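Working notes, structure below.
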């Protein structure tokens with residue numbers, strides 16, 4: 001995939017974008033349409049949750065990396081403490097990211113969560129506790145990804161600022177030093 | 001799994017230069033995996049465990065100057081990757097002491113899949129099967145993941161549902177909900193007893209300890225005789241409890257061990273009854 005093409009023209013990673021959307025749409029579609037075709041709740045549950053879990057994995061491990069250059073995970077350090085790590089690509093690569101890709105990434109992420117919330121409200125209104133369970137699981141997976149990536153993006157921005165201030169500060173001090181050394 | 005651990009020698013005694021040297025050497029041997037300690041799960045560079053939530057006490061971000069990429073161990077792979085965003089500095093070696101291992105931001109997808117699968121298998125082996133690291137439970141389940149528990153809970157639910165002749169959906173839903181909620185509540189129990197355990201690690205552990213019961217349920221599904229069912233379930237139940245014991249007991253104050261262990265055993269016993277009683 002060439003990422004050098006002018007951004008905004010086309011998706012730079014059509015395959016990744018496709019998969020990013022595929023599992024989300026499949027989970028939602030299956031859940032909504034299954035009531036028409038499938039009698040068994042068990043199948044609905046297992047397939048929907050499986051698709052949602054696959055989507056979670058794809059977003060977290062593949063499309064997050066490729067479309068927006070962000071990644072988050074959890075580690076347990078030597079002291080047994082849980083540590084959340086956030087990582088992003090360096091600034092120049094981030095700047096080169098395709099705008100359409102990241103637009104798609106973020107919008108579908110938020111949209112899916114909203115859809116699941118709506119479906120949850122429906123099943124709540126109809127007093128279907130078991131469907132609520134399905135929606136609950138899928139919703140928590142979506143929200144997990146949203147939270148993770150949003151934190152990641154905030155960290156990335158903070159990093160840019162820190163880097164910028166550090167560079168400015170170091171340049172400032174070095175120019176000061178050179179000024180004083182001349183004197 | 002801390003970054004330092006991916007390097008063969010223990011990070012705390014490493015100087016930066018040693019780490020970089022190790023990376024260079026490790027890279028020369030190819031492979032994406034730099035095992036840190038013998039039986040530990042394939043420490044392929046960076047963990048991609050999954051789960052949500054809380055705050056990072058500290059955020060070890062890659063140094064702002066060069067957070068990207070990839071270290072020697074993925075040069076070949078990087079070439080085949082569909083996108084390699086950090087193009088220019090693809091094969092660079094980060095000089096930051098804590099962030100030196102290969103960067104999985106640019107690894108190919110297949111590697112991620114393989115790494116996650118390997119982690120599930122190794123977690124399973126660590127938790128359920130006898131191995132020397134069980135006595136040090138903090139280290140044993142360091143790379144927790146929730147995929148294993150997810151599969152086992154679903155599998156157990158499916159088996160129970162299949163075995164049931166009536167009300168299959170309810171059986172499944174109830175089994176899933178009880179197991180999931182049970183794991184969460186049990187973890188909260190340990191935490192409230194003043195225990196030192198990490199939420200997701202404990203969830204992961206309780207899920208993996210369901211493996212024997214899942215196997216037992218499968219056997220019971222295929223086998224109709226009640227006596228055999230009882231024998232099989234008791235054996236697998238004992239196995240599950242044995243698997244869960246060290247992790248829970250070391251997490252709490254010794255005087256509260258029983259308080260923490262009792263609900264766990266209770267949950268597994270009720271699942272066992274459920275398996276036997278289903279027809």
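Quick reminder: no glycine exception, Cβ is built from N, Cα and C everywhere.
Now, the feature entries from TrEMBL:
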type     : residues  : note
COMPBIAS : B:57-66   : compositional bias 'Pro residues'
COMPBIAS : B:67-85   : compositional bias 'Low complexity'
DOMAIN   : B:140-273 : domain 'Yip1'
REGION   : B:57-102  : region 'Disordered'
TRANSMEM : B:146-164 : transmembrane segment
TRANSMEM : B:171-192 : transmembrane segment
TRANSMEM : B:198-219 : transmembrane segment
TRANSMEM : B:226-248 : transmembrane segment
TRANSMEM : B:260-278 : transmembrane segment
Summary of DSSP states over the domain 'Yip1' (B:140-273), given as helix, strand and coil counts: 111 helix, 0 strand, 23 coil
Mean predicted confidence [pLDDT] for the domain 'Yip1' (B:140-273): 88
Stretch among B:171-192, B:198-219, B:226-248 sharing the most Cβ pairs under 8 Å with the transmembrane segment (B:146-164): B:198-219
